[in-house]
Each structure stands twice: as C-alpha cells, then as structure tokens.
Amino acid sequence: MADTSPRTDVSTDDDTDHPDLGSEGALVNTAASDSSDRSKGKMDQKTLRRLAQNREAARKSRLRKKAYVQQLENSRLKLTQLEQELQRARQQGVFISGTGDQAHSTGGNGALAFDAEHSRWLEEKNKQMNELRSALNAHAGDSELRIIVDGVMAHYEELFRIKSNAAKNDVFHLLSGMWKTPAERCFLWLGGFRSSELLKLLANQLEPMTERQLMGINNLQQTSQQAEDALSQGMESLQQSLADTLSSGTLGSSSSGNVASYMGQMAMAMGKLGTLEGFIRQADNLRLQTLQQMIRVLTTRQSARALLAIHDYFSRLRALSSLWLARPRE
C-alpha cells in the first residue's frame, strides 16, 4: 500500500498537465483553420472575379461575332443588289443604231423621257428661230423683236429645267451626250456647249459694236472661261478621287473581310458620283447666265442676231453629222 501512493500522485500530475497541452493545440488548430479560411476566401474572390471577367469577355466576343456575321450578311445582300443593278445596266445599256443616223438611248425611262422632251424642245426652238429670222428680214421693230427674244430666252430656261430633272435620273446620259449628234458631241462640255467658245464665235457676227459693248463681251468671255476652267478642274479632281477610291484595297481576294471592304469602296464611290449632278447644274447655270448677260450687253436687234447665229451654228453641226454618216464608205 505504501508503494502505490507515490505512483498515484505522479499519475495525477500527468493527467492535470494534458488538458493544458490540448488547449494550446486547439488554439493552434483554430488559428490555422482561420488562416486557411481567409486564404480560401481570397482564392474564392479571385476565382469569382476571374470567372466574371471570363464571362464578360465571352459575352463581348459573342457580340462581336454576332456583329461581324451581321456585317457579312449585309455585305452579301449589298453585293447581290449591286450585281443585279450591274446586270440591269448591261441589259439596258446605251447603244447606237445600226443605221448610225440617230443616237438612241435605252438607259432607262428617265433617259428616254429626256430624249423625247429634248426633241420637242428642239422642234419648238426651230419654230421660234424661223419666226425670229422672218422678223429680222422684215425689219421688224425693237418691241416685236424683244417679244421674240424674251420667248427664246424663256425657252432656254425650259431646256435647263428639263436637263436638271434628267440629271437626277441619269446624269451619265447627259454627260455622254448620246442625245446629241456625233459632231455636236465633239464639242460637248459637261453636257452642253462652252459659253466662252460661243462668245468667240459671235464676235464677228455682232459688228458693229460700241467700245463699251466690246469690253462687256470680252469681260463676259473671260469670266465664262475662268468658270469653265474651275469646273473642269473640279471634274478632274473628282475623276482622280474616284480612281484612287476604286484602286485602293486588296485586289483578287474574295474573303469576307475583303467583301466588306469592297462594299465600303463602292459606297464611297457612289457618294462621289453623286456630285456629278452638281457639276451639270453649275455648268447649265453658267450657260444660262452667260446668255442672259449677253442679252443685257447687246441691243435688242443685236440680241436677235446673236441668238439666230447660235441656232445656225448648231444646225450646221447637226447637218455636218448627217453628211458624215451618209458619206460613201469604201
């Protein structure tokens, strides 16, 4: 019994020491667990951010892909439409009749309507010129001549109105001059005559003129020449710009990206071609204003003679065309 008591005490001391060690281990384990939880929390936040970024990137990628597919579809539709328009243009292109005595245009209803209106206009003008010639030969008074001259000028205004409407439908028909005879087309400038050249031709037809009239006609001729040069330079710039637009980009490739680029080039070129109508309108305004200024400088009788000389000049050009086309061919 005496031997067992000390062992019992020692055993009791050992038992009292273990709970303290267990508490310290529990604290260490708890701290480690908290650190692990925080690390996992940080990892989870990074993962969530990364996942959110991936989802956003995927969403943007889908949107870009959808937009690209839509762009390709639009380009395909535009290309198909353009091919159809080109096919119609080839089927309804401008041609010259086999007899060669008359220029015909099948460039659409607009061109045909203009040709018909111009023919009626020319027929009416011939009647006016016959009346004016008869009045001059009969030595009619200025009041009678003034009425006829004003009628001729109003008729010219009607021509430029007809041409303005025609330019909206088919500006190339006006520029090509297919509504004119071959000899007239040799002198064609922006769908009509050069005012400065007509004034040169009239110089010998209107004598005698006062010094003031000569100065007025010379100034008008120079002003017209300057305006014509400016319009001609504008046309040259437009042609160069069109050439640059159509020649840019990759040639010979039919990839989807190049189709979109091609359609973009065509859209730019179409926009530039739209300015052609403005050139025709400005050229016709210059022609009309030159005629009106000429009438103001000249007397009534001189104005009548000038209008008659212009008419006779173009009549001779048309007659020359007929003779040329009817010439013997070996």
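Here the Cβ of each residue, glycine as well, is placed from N, Cα and C on the backbone.
The structure displayed is predicted, hence computed values, not measured ones.
Between the stretches 72-86, 207-221, 237-251, Swiss-Prot puts its region 'Leucine-zipper' entry on 72-86. As stated in Swiss-Prot, the feature region 'Basic motif' covers range 46-66 out of the listed 46-66, 109-129.
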